[in-house]
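Comments concern the structure below.
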Amino acid sequence: MGPWASLDALWETPPEKRIFGAVLLFSWTVYLWETFLAQRQRRIYKTTTHVPPELGQIMDSETFEKSRLYQLDKSTFSFWSGLYSEVEGTFILLFGGIPYLWRVSGQFCGYAGFGPEYEITQSLVFLLLATLFSALTGLPWSLYNTFVIEEKHGFNHQTLEFFMKDAIKKFIVTQCILLPVSSLLLYIIKIGGDYFFIYAWLFTLVVSLVLVTIYADYIAPLFDKFTPLPEGKLKQEIEVMAKNIDFPLTKVYVVEGSKRSSHSNAYFYGFFKNKRIVLFDTLLEEYSALNKDIQEKSGMEAHNDGEGDNEEVKAKVKIQNKKQGCKNEEVLAVLGHELGHWKLGHTVKNIIISQMNSFLCFFLFAVLIGRKELFAAFGFYDSQPTLIGLLIIFQFIFSPYNEVLSFCLTVLSRRFEFQADAFAKKLGKAKDLYSALIKLNKDNLGFPVSDWLFSMWHYSHPPLLERLQALKNTKQD
């Protein structure tokens, strides 16, 4: 009798209360699941203090310990920042933060002479205030991550002045894109009639394609310096490899990523016959700022030592000469992997999946937007603003679906990574990719031992050992 009575009482609860409770319950369930996984991985970091036998030929004990301590620090930071984020989000929901910010936005609009009928204007003020709040509350965490954790482990190259200018610039650029796009999307939803979800989806498709096209040419250069890769052997070999697989390469750039971090990366972008490749200077042994510093220090040591007979100084210089980045052959192998994603259609497949998901979400949004109890659940009893509907449905109501989709995409991403590695094999670059993966793991202080459940849920790339094992047979052949 007792349990059934409780169940009946639950169903007699107003629907908006049930919706609100379900959203909070699911949010904390996901948080606790993520914390459980993180603690499993943290146990690996704490207990794996010596290089496992299977890693003996891959990683020296000094680098292994550095990566272990780095990942431990990141794990601790992730726990506290995640806890803060969850508590903050819960307080915002419990104390009506969303309707409060909406009312404040309306007051600002009223001061400027815009009444309640100017919903899109009020929505833009709401977005501006919400993103400003998010930026300010996230700033201390970002500062700590950059100037304590990344600094401690030798990755941060930014000054505080550079960091703040960069943060302000990012906020301004984000608003310049977010506000016009949002206003047009809201207008399309307002005037689109019964089939507005089709027009809204098409609009977001066009916007995403335009942003991908212009990002590297017009947005990224606002933050980083891009220079064409100079003529030479590396550029010639990149062009030959691109031609051999029919990749329509037009330009190769080197981006000065070293001014903010020593982490490395490479990517390509562009549509149709206008593809460009971007290499981080930290990826290239010849361009790495760290290597230039090492050479200068080594030269000074040798000069100070006279004839260089002092064995202690020689040992010190030898340690310093652990260069960052990859040799040309290894860079080509990494690019062979990246171009494999293009050749195998992974980029197109990801775009198709993304757009199918986007269409489905807009269709379901069209079905749910008329449900007043959804708005009432979050404190909107008298009005149903379109922007708030988008926020409630896309962020809260779809959250279970988003979690499942995210996991499926993670599994698919790992499959794509193996396929891209296999493509690099076919280009005859297994040996160089093998050594490049080891170098990149060392340069980025990746920890090569992982908990199976944590890696299954989180890793978009397969663990290092699995990738090396897949390459090993061909490398030996």
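Count begins at 1; order follows the chain as displayed.
Note that Cβ sites are derived from N, Cα and C of the backbone, with glycine treated the same way.
Predicted automatically and left uncurated, TrEMBL annotations should be read as such.
A quick note: this is a predicted structure, and the numbers were derived from the prediction, not measured.
For reference, TrEMBL has these:
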{"type": "TRANSMEM", "residues": "20-38", "note": "transmembrane segment"}
{"type": "DOMAIN", "residues": "41-225", "note": "domain 'CAAX prenyl protease 1 N-terminal'"}
{"type": "TRANSMEM", "residues": "77-102", "note": "transmembrane segment"}
{"type": "TRANSMEM", "residues": "122-144", "note": "transmembrane segment"}
{"type": "TRANSMEM", "residues": "171-189", "note": "transmembrane segment"}
{"type": "TRANSMEM", "residues": "195-216", "note": "transmembrane segment"}
{"type": "DOMAIN", "residues": "229-474", "note": "domain 'Peptidase M48'"}
{"type": "BINDING", "residues": "H337, H341, E417", "note": "Zn(2+) binding site"}
{"type": "ACT_SITE", "residues": "E338", "note": "active site"}
{"type": "TRANSMEM", "residues": "359-381", "note": "transmembrane segment"}
{"type": "TRANSMEM", "residues": "387-412", "note": "transmembrane segment"}
{"type": "ACT_SITE", "residues": "D421", "note": "active site, proton donor"}
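Residues 19, 23, 26-27, 30, 98, 102, 119, 123, 126-127, 182, 186, 353, 357, 361, 364-365, 368-369, 374-375, 377-378, 380, 457-460 of the same chain sit 6 or more residues outside the transmembrane segment (387-412) yet have a Cβ under 8 Å from a Cβ within it.
Through the fold, the transmembrane segment (171-189) approaches residues 119-120, 123-124, 127-128, 131-132, 135, 196, 199-200, 203-204, 207, 211, 219, 222, 386-387 of its own chain, all at least 6 residues removed from its boundaries and within a Cβ separation under 8 Å.
A gap of 5 Å separates the Cα atoms of D421 (active site, proton donor) and H337 (Zn(2+) binding site).
The predicted model assigns the domain 'Peptidase M48' (229-474) a mean pLDDT of 85. Taking each Cβ in turn and tallying the other Cβ atoms within 10 Å, the top scorer among the recorded positions E338, E417, D421 is D421. It is H337 that, of the binding-site residues H337, H341, has its Cβ surrounded by the most other Cβ atoms within 10 Å.
The CA atom of E417 (Zn(2+) binding site) is located 9 Å away from the CA atom of E338 (active site). Counting residues 6+ beyond its ends, the transmembrane segment (20-38) has Cβ neighbours under 8 Å at 75, 78-79, 82, 86, 89-90, 93-94, 377-378, 396-397, 399-400, 403, 451, 453-454, 457-458 in the same chain.
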